[in-house]
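Trainee: The structure under discussion is supplied below as structure tokens; questions concerning it will follow.
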Amino acid sequence: MFPTIRPRRLRQTDVLRRMVRENTLTVNDLIYPLFAVPGNAIAKEVVSMPGVYQLSVDKIVDEAKEVRDLGIPAIILFGIPEDKDTDATGAWHDCGIVQKATEAVKKAVPDLVVIVDTCLCEYTNHGHCGYLETGDLTGRVLNDPTLELLKKTAVSQANAGADVIAPSGMMDGFVQAIREALDDHDFQNIPILSYAAKYASAYYGPFRDAADSSPQFGDRRTYQMDPGNSREALKEVELDLLEGADMVMVKPALSYMDIIWRIKEMTNLPVAAYNVSGEYSMVKAAALNGWIDEQKVTLETLTSFKRAGADLILTYHAKDAARWLQD
């Protein structure tokens with residue numbers, strides 16, 4: 001006890017502090033999200049997400065090269081199609097925007113890992129993540145018919161060269177359905193990163209501007225999780241593990257670090273944390289107003305995800321963080 005035990009002894013110098021640091025953020029932890037749109041030479045900034053852009057495929061390739069040069073190992077692609085319909089055709093069509101972006105990136109930067117978001121909300125004309133009953137205005141997605149769309153989408157993305165399939169729609173049984181579809185088409189070696197614990201969160205607002213994916217009516221609470229629940233997250237993860245998930249994700253991250261920790265304690269699989277758009281935009285807005293030190297707050301936040309148990313971090317801060325970590 002004091003005065004014999006003095007924890008401050010190990011905090012006296014920067015070198016000592018670094019030697020005993022329990023969790024260290026590295027560029028290898030980072031995954032950078034990108035939004036692909038039709039056209040050429042397009043780089044349209046998302047108003048609610050300073051520094052984030054909707055990009056045409058040629059610009060996506062430029063970004064992918066920069067990401068690679070910064071040492072970031074992976075990107076995750078989201079698509080914004082020109083046309084939307086009830087069948088989410090743009091999600092699974094071989095000439096879909098994400099398929100084109102995937103092919104272009106893998107050709108130009110073959111060593112960069114391309115993760116593809118496997119969801120339907122950006123591609124449906126109602127903004128929900130699957131088929132709806134005729135006349136439904138509440139957002140109650142028909143689960144099992146939607147699985148058929150997700151299977152087609154995953155196979156199409158794999159055909160385009162995706163390295164990792166990341167289903168995010170929170171449909172019951174979606175991991176098993178996608179795993180079986182991939183295996184049936186000789187894609188046994190493509191891993192699945194499941195959005196296993198995805199909450200119905202208010203932090204997604206800016207993303208829906210970026211991805212043009214806001215529901216036209218109702219909400220997503222019948223398929224995304226209640227923010228008040230934690231045991232349910234463990235159940236979702238357990239089911240996804242049984243269905244064949246190779247990695248699992250918690251989304252959002254900042255307000256759900258207890259969930260990251262609990263999931264990390266229950267599984268040996270890699271756990272990803274999605275530092276979502278609202279979390280990003282709050283930091284950006286405060287920094288632009290001079291209220292916080294953007295670099296310090298960002299690196300502290302990302303390190304906290306590591307401390308909570310995240311092995312991978314999807315973040316719009318990835319490029320900035322990579323530069324800061326090099327300094």
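Backbone N, Cα and C define each Cβ position, glycine as well.
Feature list, courtesy of Swiss-Prot:
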type     : residues               : note
ACT_SITE : LYS198                 : active site, schiff-base intermediate with substrate
ACT_SITE : LYS251                 : active site, schiff-base intermediate with substrate
BINDING  : CYS119, CYS121, CYS129 : Zn(2+) binding site
BINDING  : ARG208, ARG220         : 5-aminolevulinate 1 binding site
BINDING  : GLU236                 : Mg(2+) binding site
BINDING  : SER277, TYR316         : 5-aminolevulinate 2 binding site
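In terms of burial and nearby residues, how do these features look in this structure?
Mentor: LYS198 (active site, schiff-base intermediate with substrate) counts 25 other C-beta atoms within 10 Å of its own C-beta, drawing on all protein chains shown. DSSP assigns LYS198 (active site, schiff-base intermediate with substrate) to a strand in the three-state reduction.
For LYS251 (active site, schiff-base intermediate with substrate), the number of other Cβ atoms no farther than 10 Å from its own Cβ, over all displayed protein chains, is 24.
Counting every protein chain shown, 25 other Cβ atoms lie within 10 Å of the Cβ of CYS121 (Zn(2+) binding site).
Annotation for GLU236 (Mg(2+) binding site): same-chain Cβ neighbours under 8 Å, separated by at least 6 residues, are MET170, ALA196, ALA197, MET225.
Remark: TYR316 (5-aminolevulinate 2 binding site) has TYR32, PRO33, MET49, GLY51, VAL52, ASN275, SER277, TYR280 as non-local neighbours, by Cβ distance under 8 Å and separation of at least 6 in sequence. The secondary structure of TYR316 (5-aminolevulinate 2 binding site), as reduced to three states from DSSP, is coil rather than helix or strand.
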Trainee: Which secondary structure state does DSSP assign to GLU236 (Mg(2+) binding site), in the simple three-class scheme?
Mentor: helix
Trainee: Roughly how many Å lie between the Cα atoms of LYS251 (active site, schiff-base intermediate with substrate) and LYS198 (active site, schiff-base intermediate with substrate), rounded to a whole value?
Mentor: 5
Trainee: Where does CYS119 (Zn(2+) binding site) sit in DSSP terms: helix, strand, or coil?
Mentor: coil
Trainee: Report, in whole Å, the straight Cα-to-Cα distance of CYS121 (Zn(2+) binding site) from LYS198 (active site, schiff-base intermediate with substrate).
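Mentor: Cα-Cα distance, LYS198 (active site, schiff-base intermediate with substrate) to CYS121 (Zn(2+) binding site): 14 Å.
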Trainee: DSSP secondary structure for CYS129 (Zn(2+) binding site), reduced to helix/strand/coil, please.
Mentor: coil
Trainee: For SER277 (5-aminolevulinate 2 binding site), just count the other CB atoms lying within 10 A of its CB, please.
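Mentor: So the number of other Cβ atoms within 10 Å of SER277 (5-aminolevulinate 2 binding site) is 24.
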